[in-house]
């Protein structure tokens, strides 16, 4: 059986979609080809790498990419992770299922360094739980 393709999209392919790609490779990698991209490519956020490493997942080799029309049009499932991506994502063909799983942007966290770091950890855990639920239930 060939693998299905899941494509995670957010604004800059820097934090949320990168963490989603890492979690999905862990929980869905046997059944899905996992990709992520952004409306723009802002580069991999070092705190996203650090947060995922803390959870035992290495995303340091992932790249920050803009949306690839070939992957977008051939994906089985496209998931937007922020309102900006949901609004600006290019049209997907009717056969491509599209869902929106909204998460706060950890790159916009304010406060002390500890508060910003806690924000990254929270969003990391929320994305991980959502992907784990999808892996277990298909929803």
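From the backbone N, Cα and C atoms, a Cβ is placed for every residue, glycine too.
These features come from Swiss-Prot:
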- 10: active site, nucleophile (ACT_SITE)
- 82: active site, nucleophile (ACT_SITE)
- 89: active site, nucleophile (ACT_SITE)
- 10-82: disulfide bond (DISULFID)
- 82-89: disulfide bond (DISULFID)
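With respect to Cβ neighbours within 10 Å, the active-site residues 10, 82, 89 differ, and 89 shows the lowest count.
Separation of the C-alpha atoms of residue 82 (active site, nucleophile) and residue 10 (active site, nucleophile): 6 Å, rounded to the nearest whole number.
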